[in-house]
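Over in Swiss-Prot, the protein carries these features:
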type	residues	note
TRANSMEM	46-66	transmembrane segment
TRANSMEM	74-94	transmembrane segment
TRANSMEM	120-140	transmembrane segment
TRANSMEM	168-188	transmembrane segment
TRANSMEM	195-215	transmembrane segment
TRANSMEM	234-256	transmembrane segment
TRANSMEM	272-292	transmembrane segment
TRANSMEM	309-329	transmembrane segment
TRANSMEM	361-381	transmembrane segment
TRANSMEM	385-405	transmembrane segment
TRANSMEM	419-439	transmembrane segment
Amino acid sequence: MSLGNVGINADYSWDAGERARLLQSPSVGTSPELRRLAGGTSPAGAVFIVVNAALGAGLLNFPAAFNAAGGITAAISLQLVLLLFIISGLVILAHCADACSERTYQEVVRGVCGRTAGVLCEVLIAVYTFGTCIAFFIIIGDQLDKLLGAMMHTTAESPVPWYADRKFTISVTGVLLILPLSLPREISVQRYASFLSVLGTCYVTVVVVVRCIWPDTTIPSHEISSSSSSWLAVFNAVPTICFGYQCHVSSVPVYGSMQQQDIRRWGYIVTIAMFIALCVYTGTGVCGFLLFGSDVDQDVLLSFPSDDIAVAVARAFIILCVLTSYPILHYCGRAVLEGLWLRFTSQEPGEEPSKERRRRVLQTVIWFLLTLLLALFIPDIGRVISLIGGLAACFIFIFPGLCLIHLKLSEIHEHKSKSWWALLSYGVIMVTIGTFIFGQTTTKAIFVDLVG
């Protein structure tokens, strides 16, 4: 996830320094010269980047989301309805980026909706990336449990050695691999993350689809529900869908990097990209649900036997993707926090290197320790996705809707046309839907955590 998905796939084809400048707030010394990209992204390249931003860790949770929604028909129908708003939100953001001449999501929100909305957006981006980093640690623990179990030939009833304990393996992996990759001021690992992420997510989809068509004899048959017990059950899948398709934060700099910044062309690009993401997510969701039914785990790979070699390769791919993506997500969150810090302390960006280094190390260590500690005590990625999926609704619905409303209200017309009223009403509808999704999913997630 990218910062947009902020999931496994979080990479653009730019170097780390350029990405840092694009992610920082306007007050962090981002001059027009530094923000101007050499060349431009082709339409095909833009499609790949948007797909890369959308596909991510949410893929593992889609079969469980299909089960929670009450079956295949309900889940696919919900996806198609939400995709209309997801695609329109991407187009609205590009239109607003043209209107205010900004190149990042938070700058567009700040430029169109004002300072308060911009600060709120930056805070939510930081919280969203923080939550996704927690999900990454949980994914590492899930996959290592299965891989170590296969190597040691242990069963569910076997005692787990101390060196194979989940908390120990997550901690060691984090301290030895993730923390050193997260400390540098600039990150070079992201140039490899894009290829690994796309390859990993596609491989997981292929494995799940193939296992559904030619099931392993060791996988027992499971009950498949054809309808939900209540029409309200369909909302159980909303957080996963929002988390999976959320690429809106990444989309603004992608649009700004295009060779020809045309709204109509951009509409075609994001439609194609979302169709590709729909095929991948739906393929994984449908086949994973048909394989395991109501017994599917929150992470679909956990439902497969430990000794399945093809699935073991998929687990190794996912671990590698997460190891390269956590530093990128932390880097994005740190850039936003750094911008907020410099703005509210009225400091100039050109400070002493030693002071900046101490603050960066302190920020990184605190971020790392908090995400690690929370991941050790959260049982599965479903708990995290159910919470940050509500935040994803803010980036998909609320902020694009607010931008559209402010943009329309800023236009001076003596007589408002029907199209003006239609667009204003659409913005209000987006904000209303986003607020409902955020409130409903967040409240339910907190309630489940407190009760369970």
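One is the number of the first residue shown, and numbering goes on along the chain from there.
Using N, Cα and C of the backbone, Cβ positions are placed for all residues, glycine too.
Nonlocal intrachain contacts for the transmembrane segment (74-94), taken as residues 6+ away from its ends with a CB within less than 8 angstroms of a stretch CB, comprise 50, 65-66, 105, 108, 227-228, 233-234, 237-238, 241-242, 245, 247-248, 251-252, 255, 261, 263, 266-267, 270-271, 274, 278, 281-282, 285-286, 289, 396-397, 400-401, 403-404, 426-427, 430, 433.
In this chain, the transmembrane segment (385-405) does not touch the transmembrane segment (195-215); fewer than three CB pairs sit within less than 8 A of each other, excluding pairs fewer than 6 residues apart.
Here the transmembrane segment (120-140) does not touch the transmembrane segment (272-292). Their Cβ atoms form fewer than 3 pairs under 8 Å, with each pair 6 or more residues apart. Only residues 6 or more beyond the boundaries of the transmembrane segment (168-188), in the same chain, are considered here, and those with a CB under 8 A from a CB of the stretch are 16-17, 20, 137, 140-141, 144-145, 148, 162, 323-324, 326-328, 330-331, 356-357, 360-361, 364-365, 367-368, 372, 375-376. When each of 46-66, 272-292, 309-329 is checked for Cβ pairs under 8 Å to the transmembrane segment (361-381), 46-66 comes out on top.
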